[in-house]
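Q: Heads up, here are the entries from TrEMBL:
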- C:12-39: transmembrane segment (TRANSMEM)
- C:59-80: transmembrane segment (TRANSMEM)
- C:92-115: transmembrane segment (TRANSMEM)
- C:135-159: transmembrane segment (TRANSMEM)
- C:191-211: transmembrane segment (TRANSMEM)
- C:223-250: transmembrane segment (TRANSMEM)
- C:257-277: transmembrane segment (TRANSMEM)
Amino acid sequence: MTDFLEMRGLTMRFGGLMAVDGLSFKVAHGSIHGLIGPNGAGKTTTFNMISGFYTPTSGQILLRGEDISGLAMHEVARRGVVRTFQHSTLFAELTVLENALVGTHMPFRPNIFAAIIGWDREDRRGAAARAREALEFFGLGDLAEERAGDLSHGHQRALGLAVAYASHPDVMLLDEPFTGMNPEETRQMMELMRRLKADGITILLVEHDMQAIMGLCDTITCMSFGKFLAEGGPADIRHHPAVIEAYLGGARHVA
Amino acid sequence: MLKPVMFLLGAAALIALPHGLSFSQQEILVFLVINILLVMSYRLLTLTGEWSLGHVVIMGVGAYASALMTKNLGVPVPVGMILGGVTAALLAVLLSFPLFRMKGFYFLIGSFAAGEIIRLIWKRFREPFGGARGISGIDPMPDFSLGFYSFDFFEPVSYYYFAGTIVAVCLWVLWRIEKSPVGLTFHAVHWQDKLAQASGVNLRAYRTLAFAIASGFAGIAGALQAHYVGTVNPNSFDIEVMVFVLTWAIVGGTTTFYGPILGCVLLTVINEVVLRGMGFEQARPLFYGAIMILSILFLPNGLESIVQKILPRKATAKPDRKAAA
Amino acid sequence: MMELLAQTGLNAVYAASYISLVAVGLVLIFGVMGVINFAHGELFMAGAYAVVALYADMHLPFFVAVPIGMIFVGMLGLVMERGLFRPLKGNPLGGLVASIGFLMILQSLAVMGFGVRMEHIPPVTQEVWRISDKVGLPVARIYVIVAAVVLLSALWYFLKRTRFGWALRASAQDPEAAALQGISITQTARIAMFIGAALAGVAGALTAPLVSVNPHMGHSVIVTAFIVIIVGGVGSLEGAIIASVVYAFVHTFVTTFSDGVVADIVGLSLMLVVLIVKPTGLFGSADRA
């Protein structure tokens, strides 16, 4: 089935404010799907609904045909949908490896009795191996013993992705991963995402950096004022008059 | 190589310790050991970010449970103690349903209310709790012999060894939990709950787990106390005792494993040496109160922060760092 | 039966009076300073002991002893503000812990100064206002009711009609905006602390002849105060007064028809229910807890 993740009439109302209004779009399996729109368009709110942080006022979120709207965050995660965060959610005082280990919680569920007696050695080795694998994937293998708070900004971002990757997700929701990155870091991150896609992971990406969006995404959905505005491939969106108008209110190239 | 040697030396010192003390000091030692378990069980709770004011009442639940089971149901004392811990843990699971809907300050007040209600129930009902006078004539630990040592539980020294062993085992379990993936998850639940949730962690379940384990150990501490003192009554578990526990934890610090132990030992020693020695028994709350205030004003990270400054920092930084992968 | 109900009702009105004084004081402190004053019950006790010292021991007239006691406790409040809450601003857990430390100090001082035994000081007046044969209210209790009404009205006037009061309310609502408007946060903190403590102290002073004064009397006072402000809503003064009346009636009636311990259990359960169902309480506003 290619309609892996589908929003149907997704609506989020906060009191009198309609943050998202009747949003519908589909994310194809194994694709990189971009979600763009000017500030206040409702992208982050949509994200928060998919990941389970908010319960939608109405509408559905279908994952492999199952309605996951309204599930708790950890329930959504357990169905293979893992998100990253814009603002720092790393354990600054712990090592990079320890941070990655948090991400192995789902594939290597800790058992307290085994842990006390010491029967969980194999599990722990497996978790550590998986964590190292995730770090290697994002180029952080050499930094495993570093304090996470000492990392550069770009490396911290990569670590956030590594934590999410360590849990063997099917879908990764990336919340503005390119923010604050210089062109070189952006290029490297884009490469990493292509490798994620090659790994079979579906990516839904909220982002402002147009270079990254256009260079990475198979499909792009554009929102404006909480509503669906346009959808298509990078070439379509780049020249779409409504999108250009939404961002700039004028006639300038979005590229 | 150094660590096991230090360990053995420490153990030897602890074993030899009571023989240099007077009878009443040996009694203090027994209570100190029990209180260490109590404050360390409290620390587990604070690891997940929960600060409760009902913890000492939960200790009392273990005490009452063990007392009632051994006295009324003829359960052997060691079994009663274990069951006391289990009862406390089960009660904690029950309490988690209403209490964990409250956050922060509200949880503090709510835990106090729940604890106080339990305490008042003990006070109110002569059957089976003995009312305000509580339960007396609780079975002591039966004497037994290990060949090289005979436990005569009339002697505080014997009970010190007995309770000390149990407490040591409990501390070992707490240590193992903390160093395990479960411990890491507790840490995550406290400090980065969103990241934990996104990694599939059920916050409620883990908070309840920590609460139950902490309560179980508090219950064991209560049972140890009940079978030593021989009586339990509602006043043994009131807010004043809770405040002492809070003081030990805050003065010592809860970030490290040894912090609360430091706080408990230091305050108990000063209490005995200074106050009893100088005859200011009544001034114990004044002393504790002043320490609490000075501590929170001038040493907010606890005594453990002093220790951490003295000990060498673990080197984690590697000399060269690559800018990009 | 009717008479029992009427008598209990009168007793409840009396209880509501001093409870509302204490609760309003606590809400004022929390509202303006954002800190939970666990020592509030001991401030009540300090007021009671002030009257023990001034009225019972030094034989000052009761109506001189009470205001002096009130001001004395107000000044204790200032000590707390300067020594504890101001250095710990922005650290509510720290403020809470420090207030616990302070309550232990006050308790100890009371024990050392007055001993552990209960004090029964001579009554102010033995007269009883009789409605019927079996229903009446001791005049000494009427004093408490009247004083509560007067003081709370004065407070209402102060808060709604004077500049200081307006500054207090502004600080409680939005400290940063208030500061930007030139309101001295320190000044308002001191005023709030003084008034809040003084209210607790005057309640203790007024009821001293009617209860047994002992160093641990603050414990039940603080528990009651917390129940009331949680039920009423943590930031709300009106909520505190209304909840005081509700609690006083519930507690007094249950005590009369069952017993005191059951009444305490009921009160705590009520608080627990509110915490579970609607933590912000009946009249709760945006809380700063």
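Placed from the backbone N, Cα and C atoms, the Cβ positions cover glycine too.
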Q: Near the transmembrane segment (C:12-39), which same-chain residues lie under 8 Å Cβ to Cβ, leaving out any that are not at least 6 residues past its ends?
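A: Apart from its flanks, the transmembrane segment (C:12-39) reaches 77, 80-81, 85, 88, 92, 95-96, 99-100, 102-103, 106, 137, 141, 144-145, 147-149, 151-152, 155, 168, 171-172, 175, 188-189, 192-193, 195-200, 202-203, 206-207, 218, 221-222, 224-226, 228-229, 232, 234-237, 239-241, 243-245, 247-249, 251-253, 288-289.
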Q: Taking contact to mean 3 or more CB pairs closer than 8 A (sequence separation of 6 or more), are the transmembrane segment (C:59-80) and the transmembrane segment (C:191-211) in contact?
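A: Yes, since the transmembrane segment (C:59-80) and the transmembrane segment (C:191-211) share at least 3 Cβ pairs closer than 8 Å, they count as touching.
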Q: Answer yes if the transmembrane segment (C:135-159) and the transmembrane segment (C:191-211) have at least three CB pairs under 8 Å among residue pairs 6 or more apart in sequence, and no otherwise.
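A: Touching, yes - the transmembrane segment (C:135-159) and the transmembrane segment (C:191-211) meet the threshold of 3 or more Cβ pairs under 8 Å.
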Q: Give residue numbers and ranges for long-range contacts of the transmembrane segment (C:92-115): same chain, 6 or more residues beyond its ends, CB-CB under 8 A.
A: 34-39, 41-43, 45-46, 49, 52, 76, 80, 84-85, 215-216, 218, 222, 289
Q: If we skip the immediate neighbours and take only residues 6+ beyond the ends of the transmembrane segment (C:191-211), which ones have a Cβ under 8 Å from one of its Cβ atoms?
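A: For the transmembrane segment (C:191-211), the sequence-distant neighbours (Cβ-Cβ under 8 Å, at least 6 residues beyond its ends) are 18-19, 21-22, 24-26, 28-29, 31-33, 37, 40-41, 43-52, 55, 62, 65-67, 69-78, 80-81, 85, 121-124, 138, 140-141, 143-144, 147-148, 151, 155, 164, 168, 171, 217, 221.
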